Structures are given as C-alpha cells and as structure tokens.
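Undergrad: Structure provided below as structure tokens; questions to follow.
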C-alpha cells in the first residue's frame, strides 16, 4: 500500500502546495509525542491540547484558502453571466461555443478545488486515525463532532463542502442552457429529468458525491445509536486489546436478533388488539391498555436490566427469553380462558422481558471501537425491520382452527408464533452465546467504571438510537484542575466526586440543564405522537373506513418500511446541507403539520387524508428523533455517560412514559365514543408539539 504522504505529494497542485494539510509535519509530531511521553517529558493532557491546536490551524488554513478560491470562481462566473445575458439579445453560434468552453474551464478549476478538498479530508482522517492508533485514544469522534457541529465550524468547509453547491449549480445550469443552443435557452429547472451530457459536469458530480459520502448514512445511523462517551477519552492500548478479547460475533448477532424479535413482539398485536379486546367482552379502545401494558412493565425492566448488565450479559438474556416466552403463552391462552386479566398479564410479562438495555450495553462494552458504528447501525436496522415485520406478520396469520381445545386464530396466533420464536431463540442463545470475560475488580466496581452508554432512537419504539460527547475535552480538564485547587482550599466536593455517575433518578435529574430538558420534551412529544398514530390505527380505520385487519397491517408495514430510507436520505444528503438545529425545528413543524392534517374537521373523513397525514407525522418524527438524540448527547452531563442511571436510560424512560400515557389516553378517550376518539387523542399531541416548538425556539442557541 502506497503511503498517504506519497499520494498527497502526487495529487498536490504545485502552486497550492502551501495550503495543503502538512501531513508530513503532523505525522512527525505524532512520533515526537510518542517519544516524549515514553521518557516522561510530556503528559497526555498537553499532547491533546497541542495536537488539537495544531490540527485546528491546519484546517483553518485549508478552509480560508477554499473560501478564497470559491470567491475567485464566483467572480469568473459573474463575468461569464454578463456575457451570457448579452448573447440572449444577439445569439452568435461562435460566441456561444466560446462561452461554453469558458464555463468548462471554470468547471475544470472547480474540479481541481474539489480534488483539493477531498485530498485534505482524507489527510485529516488519516492523521486522526494515526493519532488514535499511536496513543490508544478515542480522540477522532470527539474532535470531529465538536468541530463539525459548532456554529462557526471550519471543519464543515472540508467535510461538507459548504458553499460549493452554488458554484456547481451555476456551472451546470449555464452549460445546460448553452448545450446545442439554437436560440432556445432551457433551464435545468425546467427540464430536471433531462441529464446534462457534459464530461466536466459528470466529473464534478462524481467528485461531489465522493465528498458527500464523507458524512455518510452509516454515521447518521450511529447518531440514532448515540454513542455517549465518557469524559475520559483516553483508552490505553491494553484496554483496546481487552475489548477485542471480549468481542464474539455470534454473541453480537444474538443481541441483534433479540432486538429484532422484541420489536416484532411489540407491534405484531397492534392490528388485532382491538378485535381481541372485543372478543373478551371489552371495548375496542381497551386496545390502548393492552398495547401500553408492555410499555408500563418496561419502565421497571429498563432499570433492573441496566443494572444487571453491569455484571453479566448472558444471564439477563436468558431471563428475558424465558419471561417473553411465558408472556406470549399467557397472551395466547387468554382467549380460551376468556380472561382480559390474563391478556394484560401476558403483555406485562413481555414488557418485563425487555432486554434492550443489555443489547445496548453489549454493543457499548464488548464491540471493538473500529466496528462499533456498524454494530450500532445494525441495531437500528434490526429495530426498524422488526417494527415493519410485526404488523406484516400479523396480516399473514389469517386462519382459525383448534387443537386440543386451544384456539388458533388471528387474535391468538401472534402470541403462539412469538412464543415459539422466543423458545427457538432461547435454545440458540444457550448454545452459541459466549459471556465476555470480566476482571474481578471490574465486576465489583462496574457502576463506577467508564462503560459507555448507547441512546437508541425509538423508531424501534422504546429507545432506538444516537451519539456524541457532552463536554469539550479541554474544558473538562480545566474543570478537573480547578476542582483539585478547590480541594487544597478545603472544598467539600473533590474532583473525583464530581465525576461520579448518578446513583438514582433524582440525582440524574439534577444533572439536567434546561436545554437537556427541552430535548427530552421533544423526545417525549414525538414518542407520544407516534404511539397515538400506531396504537389507535386499527380502531380509527375500522370506524371511518371499514378496513380489515389485513389492510391495517399493510398500512403499518408501509410506515415501518420508511424508517431506513428516511434515515438514508437524511444521513447522506440533508445533514450535509443543513445544520442539525435547522433540521430539528423543521421536523418539529412538520410533525405539527401532520397532526393538524389528521384532525377530523371535514365530513367525510377520507382515506387519503388519514394516510397522507399519518405518513407526514411518522416520517417527520423519525427524522426528528435521530437529530434530537444527536443534539441531546452534546448537552448532557458527562456524568450521565456511566453507571446504571445513564443518559440512555433517561432517554428510554422518557420515551416509554410517553407511550404509556398515549396508550392510556386512547383507552380513556374511548369512553367518549369512537366518533370522538381521533380528535380527543390528537389534541394533547398538538398541545405538546406546539409547546416543544416554542421551547425549542427559546433555547435554540443553548443547544450548542
């Protein structure tokens, strides 16, 4: 493999040489740091400060030169625009040809600038990777995140090619107008489907696509998995080796399978919950309690599974599988016993078996850093797939027969099928799972350890995914030094105490700043709105449209299928064009629009109105969730990145409480009659949504 330094030299434009990243100097500096640390002449804190400052200087040099070149290209385009306007009055074929070549010349220079940006972006990633590898630090994620998401970011110029879109657009549009010109000036905006056949434009497009992939779909999926890192970003090489030793692919696969099955288990009953309730003599709207019982139990299971995962992964997964097997069995038997109580007990058991905290913790603690992003994205994908497959599977279970007085129909089969699935999973788990080795000291002090927590977005319902670090490293170090000085003066709280994880929900709540509380409110709002839409879909569509259970299943299946494509579009494109804060506010507004469109204010209530408003609300909530959790990670105390009562647990609990309240709202609103159900349940969603938008506007600047 050719060294990057040689590639950089080969790809460099000679007259721009001084503006490229000085990779050779940076590489030499990394080696120098290593020697100085070995002899004890330099401490790690100084290394981080000095390296950060040096890299900031290099990026500033690159970004300012980029802006200068963009200005020169813009000036040239402005002059060409004047010539182009003059030709509109008196078209001349030879002058048009010359003008076309002039635009192509600007395109060639733009292509050089894009190659310049791409080369420097690679250089930045390479030197960060080399720094992490040399010292065993987790510095890259911290550096990129804190620099790229700052409102005055210079790193965005490199990684997100800010401002170049206008230049690319000007060249493409004018070349399109001049192509085969016979006096007719057609714009790319008038004929967007007609591709421009020009090699320069094709080359520019390919270069832009390469840069866009620098912030790719996988990174956005990891935001949904929100990896919250401890404020201590230093991980020694022996600790990295220990992570490698803990990792077992089949065990990771079993955790992802657990995630998938649990999501299927959650949503497989949604299309039939109302029918099942009525068959047991209850109202159709009791489906809210039936669906919500699982979320109620999860409020408690999230805590004890989070604590249990400090000591073991295998035992809680075994316990989870057994409880879920029993819960689904009881759910299925409730029909033959004609007992609504058994139905609710079965769903409560399923909630008590929620091992999502264990799944998150395994990825956080046992998956090596180099593939943790892929594992986190896998978690999201498994959750989204389970969310889509649950209703789809329910739609296939259209049969009715008996075996030994046990009824198998569309109401009971979801329970029977999931009971068999969890039994098979239990056997697979017992055979294939390998419990990661733990040091005795680590087991004893697990809650004090530097274990990372994952916040999972709840497109998978309880808490699917995200990422980030809450405090800037250098500020955290200065605060630690300040704490040490206070200790010398007799301060009551030591620096060590100030970094201890929260030991209760009350302690965790006290660590939340106003901006964090706003983020949790947004999370609560979107979970509430999504749960209302999903849980009451069967009752609402049956009442207004006479939909069958199969139709409801198809509708919910289509909603679930939007999760990954939406994340693909947002992660690969939208996040490159707009700041997270802008996407956050726009998504909130679109959720509000979806809610408003869902109200029954026009007679008759039509299928297009319901479906379109539902998709707007659901898709916007999906976008909002990923962005919100990403922002949340950056304003949350670093003390919430460790221990049982961590940021991931708080996020999960907020979402679960929202689901519980939403399901309870459906049942209570049912007493007013099914004709009132839709509007009564949407009204709280609208109020909470408007409140979150107002709160976001007031705290917009504090999010960064």
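Positions of Cβ are set from backbone N, Cα and C atoms, glycine also.
What TrEMBL records for this protein is below:
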COMPBIAS  480-495  compositional bias 'Acidic residues'
DOMAIN    2-145  domain 'SPX'
REGION    480-499  region 'Disordered'
TRANSMEM  252-270  transmembrane segment
TRANSMEM  282-305  transmembrane segment
TRANSMEM  317-334  transmembrane segment
TRANSMEM  340-358  transmembrane segment
TRANSMEM  379-401  transmembrane segment
TRANSMEM  413-434  transmembrane segment
TRANSMEM  520-546  transmembrane segment
TRANSMEM  552-571  transmembrane segment
TRANSMEM  583-603  transmembrane segment
TRANSMEM  609-632  transmembrane segment
TRANSMEM  682-703  transmembrane segment
Undergrad: For the transmembrane segment (282-305), name the stretch out of 317-334, 340-358, 379-401, 413-434 with the most CB-CB pairs under 8 Å.
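TA: Most Cβ pairs under 8 Å with the transmembrane segment (282-305) come from 340-358.
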Undergrad: Count the CB pairs under 8 A between the transmembrane segment (520-546) and each of 252-270, 552-571, 609-632, then give me the winner.
TA: 609-632
Undergrad: Mind tallying the domain 'SPX' (2-145) by DSSP state, helix then strand then coil?
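TA: Helix, strand and coil residues of the domain 'SPX' (2-145) number 127 helix, 1 strand, 16 coil.
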Undergrad: Mind checking which residues reach the transmembrane segment (317-334)? Cβ under 8 Å, same chain, six or more beyond either end.
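TA: Sequence-distant neighbours of the transmembrane segment (317-334): 254-255, 258, 261-262, 265, 269, 280, 305, 340-343, 345-355, 358, 406, 412-416, 418-419, 422-423, 425-426, 429-430, 433.
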Undergrad: Looking at the domain 'SPX' (2-145) alone, can you tell me the average pLDDT?
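TA: That stretch averages a pLDDT of 80.
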Undergrad: Taking the transmembrane segment (682-703) as reference, which of 252-270, 340-358, 379-401, 583-603, 609-632 has the most Cβ pairs under 8 angstroms?
TA: 583-603
Undergrad: Which one, 252-270, 340-358, 379-401, 583-603, 609-632, has the most C-beta pairs under 8 Å toward the transmembrane segment (413-434)?
TA: 252-270
Undergrad: Which one, 252-270, 340-358, 379-401, 609-632, has the most C-beta pairs under 8 Å toward the transmembrane segment (583-603)?
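TA: That would be 609-632.
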